[in-house]
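Student: Dropping the structure in here first, questions after.
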Amino acid sequence: MRTPIVAANWKMHKTQPEARQFLADFLPREAGMSGVEIVICPPFTALAAVAGGLTGTRVGLGAQNMSDKPSGAFTGEVSGAMLVDAGCRYVILGHSERRRLFGESDEVVGAKVRAALQHGLIPILCIGETLEEQQAGEADAVNRRQLLAGLEGLTPEQVANLVIAYEPVWAIGTGRNCDPGDAQARIAAVRAVVAEAFGPEAAARVRIQYGGSVKPENMAAYMAQPDIDGALVGGASLDPTSFAAICAAAAEARAR
């Protein structure tokens, strides 16, 4: 059975003091949970504060982006080696905001995934269609294209050990979440692509999250779907009570 993974994507929120306060409120709520892996992905400036606060806990640290370059004259960029040095185990790559606002292509995302793996980081590879693509019936084709580009050059074992996050662009930060049954259909199709390209074992092992307006009140419905293995949580992860409730729902779903 795949262990659920719930990751907090704080985006461009929280100073170091705010991050420390979040942990002070969240960690006591997390302490009794089992059967779920939890990751917090703060902005770069709060990585050190969060890393310190997570010492001795089961909660993992992740980053929200990284360069595909190992080092050099790349102003403003952060390498995989730097993330490892900061204590990161995970890194979010290919988020729709990176693709849409900063022009990251499928090829760039794939290069970042390969670079992350070279540094021992676990990529959380984000894929997802826009509203226009969904309405045109192109969702599965878009997800397939983004997925195969992001996984290009990887071995079945590497694919089995990373995380995929299906985030329909039209559901991110809009309050309009994808129907759990529809999310299951999209994610089952993604898993089928993995099976086709990398084999049934990789497809059975890889964890696939849902993301897009995830809240405490809808998390259980997503976790009831057989192919959904957790969530990549945006806005609701900024509140420790809300995020703890989402994590608890994931843990309870797998305990049944």
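Glycine too: its Cβ is placed from the backbone N, Cα and C atoms.
When I checked Swiss-Prot for this same protein, it listed these features:
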| type | residues | note |
| --- | --- | --- |
| BINDING | Asn9, Trp10, Lys11, Gly173, Ser213, Gly234, Gly235 | substrate binding site |
| ACT_SITE | His95 | active site, electrophile |
| ACT_SITE | Glu167 | active site, proton acceptor |
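Help me understand the surroundings of these features in the structure.
Tutor: Taking the Cβ of Trp10 (substrate binding site) as reference, residues of its chain lying under 8 Å away and at least six apart in sequence are, in sequence order, Ala19, Ile40, Cys41, Pro42, Pro43, Ala46, Gln64, Ser237, Leu238.
Look at His95 (active site, electrophile): DSSP puts it in coil. Around the Cβ of His95 (active site, electrophile), the number of neighbouring Cβ atoms within 10 Å comes to 28.
Long-range neighbours of Glu167 (active site, proton acceptor) (same chain, six or more residues apart, CB within less than 8 Å of its CB): His95, Ser96, Cys126, Ile127, Gly128, Tyr210, Gly211, Gly212, Leu232. When secondary structure is read from DSSP and collapsed to three states, Glu167 (active site, proton acceptor) falls in the coil class.
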Student: Among the binding-site residues listed here, Gly173, Gly234, Gly235, whose Cβ has the fewest other Cβ atoms inside 10 Å?
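Tutor: Among the binding-site residues Gly173, Gly234, Gly235, the sparsest Cβ neighbourhood within 10 Å belongs to Gly173.
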Student: What count of other C-beta atoms do you get within 10 angstroms of the C-beta of Ser213 (substrate binding site), across all chains shown?
Tutor: 20
Student: Based on DSSP, name the secondary structure state of Lys11 (substrate binding site): helix, strand or coil.
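Tutor: It is coil.
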Student: Near Asn9 (substrate binding site), how many other Cβ atoms are within 10 Å of its Cβ?
Tutor: 26
